[in-house]
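Per Swiss-Prot, the features are as follows:
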- 11-193: domain 'tr-type G' (DOMAIN)
- ASP23, HIS24, GLY25, LYS26, SER27, THR28, ASN140, LYS141, ILE142, ASP143: GTP binding site (BINDING)
Amino acid sequence: MNKEEMNARQKKIRNFSIIAHIDHGKSTLADRILEQTGALTHREMKNQLLDSMDLERERGITIKLNAVQLKYKAKDGETYIFHLIDTPGHVDFTYEVSRSLAACEGAILVVDAAQGIEAQTLANVYLALDNDLEILPVINKIDLPAADPERVRAEIEDVIGLDASDTVLASAKSGIGIEDILEQIVEKVPEPSGDVDKPLKALIFDSVFDAYRGVIANIRIMDGVVKAGDRIKMMSNGKEFEVTEVGVFSPKATPRDELLVGDVGYLTAAIKNVGDTRVGDTITLANNPAEEALDGYRKLNPMVYCGLYPIDSSKYNDLRDALEKLELNDSALQFEAETSQALGFGFRCGFLGLLHMEIIQERIEREFNIDLITTAPSVIYHVNLTDGSNIVVDNPADMPEPGVIESVEEPYVKATVMVPNDYVGAVMELAQNKRGNFITMEYLDDIRVSIVYEIPLSEIVYDFFDQLKSSTKGYASFDYELIGYKASKLVKMDILLNAEKVDALSFIVHRDFAYERGKIIVEKLKELIPRQQFEVPIQAAIATKIVSRSTIKALRKNVLAKCYGGDVSRKRKLLEKQKEGKKRMKQIGSVEVPQEAFMAILKMDESK
């Protein structure tokens, strides 16, 4: 292909993604676009085609990214090449969304005609604007009885500030307006810029592990050209590989001779480790490297940690294998082995956020058949010690003694909640209970309000989302971003059973809430731990100070049953003997903590 043909081809390429809040119809719209452009026959079509994981279909969310190449014959008679890059919509995967948007020139913004703009719609629009994308608003689900397209159109103009005069009104389910969307993509989305003669620059926006071919990297070519046999280099770590195959997804993987500027496709190069193809990294040629990498790459660090332990300790090695397999596809997942006196052998795992954590746990239980005990999620604390050094703590059990701590800093997030104005009071009360600082509040229209708070991440990782949904009858939508660390009065609370610490039950809490939380946990454990032959004290302690205590009464055999009448000294002798036995038992007896006790503490609503 000569230079002119390449330039002509480049002018016909349109790269775009679809952004939307959960349940606004993103995957359905992608299905209709695939059908309309003839990528699939009606027979091959199944709903949510790009969401290939069962879990994605069930939860109705997109977790992994997918990219497809489509051909579309427009009304002007020309055939255009579309690359549709599917994005996850959830806040935990914000970085992945931003990288897949960086691979596009345009974005279709899908807004539900009944619900209007939600918190994550806004978050994703700002990401798209950061990447200078052309945004095409689409109001979806116009055939719903509750649809109010005019109100939503006004919201798009007022809240986001986009011109909504030529917004497409569509219904992905019924196939209304799909043609108009495709024509708008042709007219409004800019062609890819980039020069085929420059050294290769390709952005990795996702990677998956294949047992036979190694890592398959999804890439967008920004400059240059790549073909099988090229030696490539990763710009973040300098590692080199030889390309074995390049191709595109249409929607099945189809090998090609080469990928040119503007193309979105895949590349395999016998790469063994997903960690070598990090999302956002730049690929270049080893013998003719680009001078600088594409911007925006950063290493993903976990935000939330928790311990995963197999209920059946013989499955420890199976759990390690499961985590290693999941890590192949998910470079953000981190884990290391740890042991707990209470739970045995397991792993300390780091996740991007709560949804990420839930999905990994669910996949281990479902795909690998391992039943898990999970400890309470915790965040990463920065601890400044009295000797001037700093340490990072991600496990409450590792928190040093209070005497050597100068101060503790915890991560804060900026949380944006969108809610109907009837529930503003409930949301503000919840945020105050979670130690939130009020930042701002604005009315989006006469019904909806956007409220912004700064809240410690540790308060959100428990059950903030569940409580938010229940206090607003499910109407609130919520989005958060990390803003940095702030000093707080935090203390470590230990739970003692029969005067012994149970390491898996330790947690870090704000000093002002320590007494209430200690009291709740102690009462809860008293209900759940079965009675023993001896008295068991349960205590909640901060360092050496006990803040709450409860006692599980002993089970007692009636040793006097065999004395019919008889002398009182005989009875006393039997009672004394029983008392001695109980005392000895208490010294050597250990208390088994049932699985339910750990679960109850995790699920407990601690702010009450």
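Going from the start of the chain as shown, residues are counted 1 onward.
Keep in mind that glycine also has a Cβ here, set from the backbone N, Cα and C atoms.
As the structure is a computational prediction, the values presented were derived from the model and not from experiment.
Neighbour counts of Cβ atoms within 10 Å were compared across the binding-site residues SER27, ASN140; the minimum falls on SER27. Burial estimate for the binding-site residues (ASP23, GLY25, ILE142): highest at GLY25, by number of other CB atoms within 10 Å. The domain 'tr-type G' (11-193) scores a mean pLDDT of 75 in the predicted structure.
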